[in-house]
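J.: The phosphoserine annotation in Swiss-Prot covers 43. For 54-146, the entry in Swiss-Prot reads domain 'PPIase FKBP-type'. Residues or ranges marked as repeat 'TPR 1' in Swiss-Prot (evidence: sequence analysis): 179-212. Per Swiss-Prot, the feature repeat 'TPR 2' maps to 231-264. Taken from Swiss-Prot, the feature repeat 'TPR 3' covers 265-298, and the record attributes it to sequence analysis.
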């Protein structure tokens, strides 16, 4: 440990161990995932806190070798063992980009692409970005750089291949290989009744494919092939949303599928159920009629749905009549 601390000091980083970690120091080969809580503080006597992952409610996940925009974090993380708590005072040369990187940390902490919301900014918005970061403390730090203190608590270190990466952190090849596995995991979770978790898996698989699809010419064979992989995942996602009673999201997604594939029976059926749930009786009946037209074998299932819809409508009519009688009797 003494030689590690000495090497850090030579590079302008002062490490102070607050709590020793467990076991041996991991080798931190490329692809290793480090999960840790961090707190960023000013290096002055007041030690004002700039950021705190615990406030965000989720620890940071850093994958070694992915060229994170704040290289010093890879440097210091690779000196820590699981369970270790340490503080690192870093010279200005290591943290001059911190104000810019800080804007991405919120996205990373929740498993999103760190550039989300930045790629499609118009020119005026980008010019504003360069002049202001939207946070007074970060603006001040950008204009007047100073050393920073990082308080780190290493929670977990996972070797390559022992964990599932967030979609934004994968290469294109990794995304393509991961989709069937994520799909299977979503199916397993749904069968076991973990609907919310299953929806999250389907969402991740869709995100992988959408990212790959963005790199293809719309309408090209490659684009269509990816879209045909997205469709069953999106239908599974819609099934989760039906169970969760998030009907308007189901309506949106099923309509988007039917705009491209107007013979998709499952999309008509799920949209019909969603319409029925929000009292769009005519739309529900039209969708169920389309299901029968495309697949007459589903007649028993459709009849059951239509009977349930009619029963709900009758019950609602009776409740409305009773309510109106109560109003006019006063």
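From the backbone N, Cα and C atoms, a Cβ is placed for every residue, glycine too.
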J.: What average pLDDT is reported by the model for the repeat 'TPR 2' (231-264)?
T.: 97
J.: May I have the DSSP-based helix, strand and coil counts for the residues of the repeat 'TPR 3' (265-298)?
T.: 30 helix, 0 strand, 4 coil
J.: Go through the chain and flag residues at least 6 beyond the ends of the repeat 'TPR 3' (265-298) whose CB is under 8 A from any CB in it; none is fine as an answer.
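T.: Result: 235, 238-239, 242, 245, 247-248, 250-251, 254-255, 257-258, 305-306, 308-309, 312-313, 316.
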J.: Residues with Cβ closer than 8 Å to the Cβ of residue 43 (phosphoserine), same chain and 6+ apart in sequence?
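T.: Those within reach of residue 43 (phosphoserine), by Cβ under 8 Å and sequence separation of 6 or more, are 89, 146, 147, 148, 149.
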J.: Going by DSSP, is the residue listed as 'phosphoserine' sitting in a helix, a strand, or coil?
T.: coil
